[in-house]
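Structure first, commentary second.
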Amino acid sequence: MEKDARTNWENPMQFVLACVSYAVGLGNVWRFPYLCQMHGGGGFLIPYLIMLVLEGVPLFYMELAIGQKMRLGSIGAWSAISPYLGGIGIASVLTSLYLCLYYNILNAWSFWYLFNSFQSVLPWAECPLNANMTGPDEECERATPTQYFFYRQTLNISSSIDETGGMHLGQVLCLLLAWAFTFLFILRGVKSTGKVVYFTATFPYVVLFIYLIRGLTLHGSANGIKFMFTPKMEQLADPRTWVNAATQIFYSLGLGFGSLIAFASYNEYNNNFERQAIVVSMINSGTSIFACIVTFAIYGFKATVNYESCLERTRMLLLNTFDMAEEHITLDNVGGWLETLNSTYPEQFADLSGVLEECDLEAELGNAVEGAGLAFIVYSEGIKNMPLPQLWSVLYFFMLLTIGMGSMLGNVTAIITPLRDFKVVSRNISIEALSALVCVFCLLVGLSFTTRQGNYWFTMFNDYAASFSLFFIVLVEVIIVSYVYGITRFEKDVEDMLGRKPSWLWKVLLVAVSPALLLCLFIFYIVGYIQGGTPTYKAWDKDLGRSVVMEYPVYGQVFIGLLLVSTISCIPLSALYTYCRRKVYFWYFSMILWVAFVHYSAYEQ
């Protein structure tokens, strides 16, 4: 491994901003609000904050300490602790590679929406005409304009993962553009990354703050924020709530990917990483809650508009059916009139059962939308109803692009830094060439996500490529540091770097609390996966105009198994390889000594 003349960050602020830019990602904008909505609103904040204190901050602290002490990427750092542990770094690199393969397609979608925002009428604001040019497209009418634009015009999605199709040229070009920007940002290593993060780490907060002010002024925003902070405490008894809270902490802080170790390896040896670990963790979690408030303000506006539109349709139906004066029924008294008319004209009211909608604001707010649906459908729905929608659309998708690019810097650095630590790589391949090779490889593989069934493969990677492996990697890391490397040696390393020993709280968390809690969550995750049965995904049904749940085919289930096993198997296989290689070297050296001894004995005789 090569760690001499290692480039450093120009100042500690660059390192902090790099960590913030990497940690504050798309998961803060869509995954956290989705989990908060799914697991009881404000009730989810309880396990989230507990996991932050007991898992997130100490493990973040541990990874920064390892990177700064060893001044190597993930593979070199763990190999320096023990030659048998290099597999932990390989597993981290492979997990980051999986993330890179599919993560940049999100940035490609952001480019696509950004470019389409410069139109006089937003293309997701209304349905296009059908083939006969006689009216709106039938599929779009069955769905909504925002869903139609995402599934049909952005993805041109197939009806299942089994249905193949060609690449979407627009998405191919946007993905090429996303990887071109990624390459330019990492071209010179930390020299270029350190300058880019000044923008990628700060600009999203400017847009989020603008959106917060605008969101709070929207009609119905208070309904969304109230829903967010109204806890459903029964969710705390569900192990999945705690598992998802821990997973969100791992994703949002970037634990287990090797990026933090890579970033910290460019620090000065005596840099105060302890304070930075606390600051970055607090900023990241604060950003999640801040972005969640913004999201639920927009979501409350969308839900309220949909709810009131439903009430208006019901109002007009009652007025026309019962031939009533328009001023009699208002949006405020529709519910009362429904009960009155049902009791007064039961037979006539019964005829409306097939067309009468059930309007429920709570149901609208509780309809959880995951992942890309939240970022590209729900926000688009809210944006199109705002004054000057083009302005808000450009701001939002440029912010989304900035956040995504900031995370990509960390993901690619987690791959390039360990490779650069090998002498054979650093001496024969320039950092520019290595960066280009990594980006081109990821681009070529990532083109599969631009096909008609590509979104289903994207969902598979997003659901299974990292979650299980992160639990295992981080669990192994904390056990190795606390019990193999030894907490005493770790304490001395920290004292050597900071000039003081870590407090007893750090040691208690790393030795007892974090490993025990991680082990329990890991078991819950495995049990939940087994009990979940056959893995499923949501396929777009154009005839219904909505997503339907389908089971993955056999080859999809096999691929999921490979994703789950491929990363964690690196740890035992690497240890076994090192053991066998050392055995071979041992016997080879023994044979040399034996032959030398025999020759020496014969010579003496």
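Every residue gets a Cβ built from N, Cα and C, even glycine.
Where the annotation comes from TrEMBL, it is an automatic prediction and has not been curated.
TrEMBL annotations:
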- 12-32: transmembrane segment (TRANSMEM)
- Ala23, Val24, Asn28, Ser252, Asn284, Ser407: Na(+) binding site (BINDING)
- 44-62: transmembrane segment (TRANSMEM)
- 83-105: transmembrane segment (TRANSMEM)
- 168-187: transmembrane segment (TRANSMEM)
- 196-213: transmembrane segment (TRANSMEM)
- 249-266: transmembrane segment (TRANSMEM)
- 278-299: transmembrane segment (TRANSMEM)
- 394-417: transmembrane segment (TRANSMEM)
- 429-449: transmembrane segment (TRANSMEM)
- 464-487: transmembrane segment (TRANSMEM)
- 508-532: transmembrane segment (TRANSMEM)
- 552-577: transmembrane segment (TRANSMEM)
Cβ neighbour count within 10 Å of Ser252 (Na(+) binding site):
24
Below 8 angstroms Cβ to Cβ, which residues of this chain, lying six or more residues outside the transmembrane segment (12-32), approach it?
106, 190, 193-194, 197-198, 200-202, 204, 248, 251-254, 259-260, 263-264, 266-268, 271-272, 276, 279-280, 283-284, 287-288, 291-292, 295, 370-372, 374-375, 400, 403-404, 406-407, 409-411
Same-chain residues at least 6 apart in sequence whose Cβ lies under 8 Å from Ser407 (Na(+) binding site):
Ser21, Tyr22, Val24, Gly25, Leu26, Tyr103
Please list, in sequence order, the residues in the chain of Asn284 (Na(+) binding site) that are at least six apart in sequence and whose C-beta is under 8 Å away from its C-beta.
Val20, Ala23, Val24, Asn28, Ser252, Leu253
Would you confirm whether the transmembrane segment (83-105) and the transmembrane segment (249-266) meet the contact rule of 3 or more C-beta pairs below 8 angstroms, pairs 6 or more apart in sequence?
yes
Considering pairs 6 or more residues apart, do the transmembrane segment (278-299) and the transmembrane segment (394-417) have at least three CB pairs under 8 Å?
no
Apart from its near flanks, which chain residues at least 6 from the ends of the transmembrane segment (429-449) lie with a Cβ under 8 angstroms of it?
97, 100-102, 104-105, 167, 172, 175-176, 179, 182-183, 186-189, 412, 415-416, 419-420, 455, 457-458
With a Cβ cut-off under 8 Å, give me the same-chain residues at least six positions beyond the ends of the transmembrane segment (168-187) that come close to it.
104-105, 107-109, 111-112, 115, 154-156, 193, 196, 405, 408-409, 412-413, 416, 431-432, 435-436, 439-440, 442-443, 446-447, 449-452
Touch test for the transmembrane segment (464-487) and the transmembrane segment (196-213), at least 3 Cβ pairs under 8 Å:
no
Most CB pairs under 8 Å with the transmembrane segment (249-266): which of 44-62, 196-213, 394-417?
394-417
May I ask which of the stretches 44-62, 196-213, 508-532 has the most CB pairs under 8 A with the transmembrane segment (394-417)?
196-213
What else in the chain is close to the transmembrane segment (44-62), if you only count residues 6 or more beyond its ends and a Cβ gap under 8 Å?
35-36, 38, 231, 235-236, 241-242, 245-246, 248-250, 253, 255, 260, 273-274, 277-278, 280-281, 285, 288-289, 474, 477-478, 481, 490, 506, 509-510, 513-514, 517-518
